[in-house]
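Undergrad: The structure's right below; bear with me while I get my questions together.
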Amino acid sequence: MFIDGKWIIRDDIDVFDPYTLKNIEKITALDREETKNAIEITEKNKEVMKNLSPSKRYSILMKIAEQISLKKDLFAKTISIDVGKPIKQSKIEVDRTLTAFRLSAFYAKELRGETINSENGLIFTKKEPLGVVGAITPFNFPLNLITHKIGPAIATGNSVILHPSSKAPIAAIYLTKIIEHVLKQMDIPRGVFNLATGNGDIVGDEISKNDKINMVSFTGSVEIGESISKNAKMKKVTLELGGNNPMIVLKDSDIKLAAKSAVKSKFLNAGQVCISVGQVLVEEEVLETFTKYIIDETKNLVLGNPLDTKTDIGPLISPESALRIENLIKESVNEGGELLIGGNRQNSLIFPAVINIDEDNLLSKIETFGPVLPILKVKNSEEAVSIANNSKYGLQAGVFTNDINKAMKIADSLEYGGIMINSSPTFRKDNMPFGGVKKSGLGREGIKYTVEEMCETKTVVIHNI
């Protein structure tokens with residue numbers, strides 16, 4: 001809807017506040033031909049970005065961060081209304097966004113090749129942009145996850161076409177207005193950055209298939225990620241997909257700390273986080289104590305209006321999502337799960353649920369993407385690792401123990417992209433490598449690592465000069 005410096009305004013898709021269920025915006029849905037045109041414009045402007053000096057790319061990113069910092073409250077409120085995320089969590093997302101843009105700016109100046117010794121001449125390498133990056137982003141972090149794609153893309157001199165989730169596109173629209181302002185201020189053609197709103201099965205599909213796209217960076221579900229990977233053919237692809245992220249609690253750990261961490265992490269953004277705790281595997285000697293702490297902590301959570309600073313858990317993104325979670329809870333109980341607390345639904349709200357299950361229960365195998373915390377009893381760390389690895393996912397895992405030798409042995413044994421010791425799987429910093437194995441994805445995010453993904457290495461050899 002922002003193509004070649006022009007806004008295309010139509011009332012094609014309704015956007016709803018998931019808490020009030022009121023219509024808050026109408027956005028444009030590009031059709032396939034419009035999407036192809038947007039990609040073509042992005043491709044025509046790739047040389048503009050490539051030829052910008054590192055200092056100019058740095059300035060673009062720092063100016064974007066500066067403008068966001070002046071509108072922090074607006075962005076936080078927008079995220080809370082658009083997604084249903086509690087305002088205190090939305091403010092953290094805005095702060096992380098600023099960090100990610102500033103880190104991207106730093107790496108714009110740090111991009112460099114190397115010199116290789118040779119007796120036959122001079123060998124050196126250059127880092128060059130890929131060309132056109134297609135960024136496809138989800139609803140749950142509608143500002144920060146965009147930044148993790150477009151920040152490194154700009155830093156490395158790529159032109160960008162962004163396709164945000166149509167469920168929560170407003171933060172992306174506000175961000176695009178800032179980018180428009182910065183590009184105009186710096187006298188850079190606006191066609192280097194294009195915003196393509198609409199339905200994923202049209203816009204996202206075309207971005208993944210189109211030959212003018214050099215790289216697709218996607219965050220979302222496994223099913224769509226697999227489709228993008230298939231469509232992309234020889235394109236470079238990074239996929240940050242789902243997970244059922246285990247948290248192992250051993251009897252020698254700080255049980256109360258582990259329980260607090262599990263509750264805080266599981267119910268962040270109503271469980272709509274790809275690295276949310278998927279299941280807690282607890283040694284049987286401390287299961288009763290751990291479960292008591294979990295229930296006590298869960299009872300203290302405040303459910304309600306995302307704009308209230310006291311709220312800990314807001315709604316899911318839609319009533320349909322909440323109904324899906326309600327049905328998953330019922331199915332889990334039918335399979336023998338014991339519901340200890342919560343699980344009731346009111347429109348898009350789900351009261352945080354805690355369920356005792358075994359490893360054959362469906363909640364041990366899937367990504368719930370909702371406020372449901374499954375607890376499993378295990379005999380020892382070996383059984384915990386075995387259950388954790390018996391999964392198609394491999395995003396992040398957490399281990400609580402006071403024995404560093406056990407911790408390192410378990411970290412070596414777990415088949416996951418990231419292992420958090422004495423922290424939940426939900427831990428993430430914007431400058432650390434982030435990504436999964438197995439069905440949880442391809443490639444790594446984290447600004448430095450995304451910068452590496454968005455470059456090509458060119459080798460130059462000089463003889464006899």
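Glycine too: its Cβ is placed from the backbone N, Cα and C atoms.
In case it's useful when we look at the structure, here is the feature table from Swiss-Prot:
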BINDING   Gly220, Ser221, Val222, Glu223, Ile224, Gly225  NAD(+) binding site
ACT_SITE  Glu240  active site
ACT_SITE  Cys274  active site
Undergrad: For NAD(+), what surrounds Gly220, Ser221, Val222, Glu223, Ile224, Gly225 with a Cβ no more than 8 Å from their Cβ centroid?
TA: Phe218, Glu226, Ser227, Ile228, Leu241, Gly242
Undergrad: What does DSSP assign Gly225 (NAD(+) binding site), in three states?
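TA: Helix, per DSSP.
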Undergrad: Which of the listed recorded positions (Glu223, Glu240) has the least company, meaning the fewest other Cβ atoms within 10 Å of its Cβ?
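TA: Result for the recorded positions Glu223, Glu240: minimum number of other Cβ atoms within 10 Å at Glu223.
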Undergrad: Calculate the distance in Å between the alpha carbons (Cα) of Glu223 (NAD(+) binding site) and Glu240 (active site), and round it to a whole number.
TA: 12
Undergrad: Do you see any of the recorded positions Ser221, Val222, Ile224, Gly225, Cys274 whose C-alpha is within 10 Å of Glu240 (active site), and which ones?
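TA: So the list reads Ser221, Val222, Gly225, Cys274.
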Undergrad: Using Cβ atoms only, which residues of the same chain lie under 8 Å from Gly225 (NAD(+) binding site) while being at least 6 residues apart in sequence?
TA: Phe218, Leu239, Leu241, Gly441
Undergrad: Hey, what's the Cβ neighbour count for Ser221 (NAD(+) binding site) at 10 Å?
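TA: Its Cβ has 15 other Cβ atoms within 10 Å.
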Undergrad: Return the residue, from the listed recorded positions Val222, Ile224, Cys274, with the maximum count of other C-beta atoms within 10 angstroms of its C-beta.
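TA: The most densely surrounded of these recorded positions is Cys274.
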Undergrad: If you measure from the CA of Cys274 (active site) out to 10 Å, which binding-site residues from the list Gly220, Val222, Ile224 are inside that radius?
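TA: Candidates kept after distance check: Gly220.
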Undergrad: Applying a 10 Å Cβ distance cut-off over all chains shown, what neighbour count does Gly220 (NAD(+) binding site) have?
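TA: Counting Cβ neighbours of Gly220 (NAD(+) binding site) within 10 Å gives 22.
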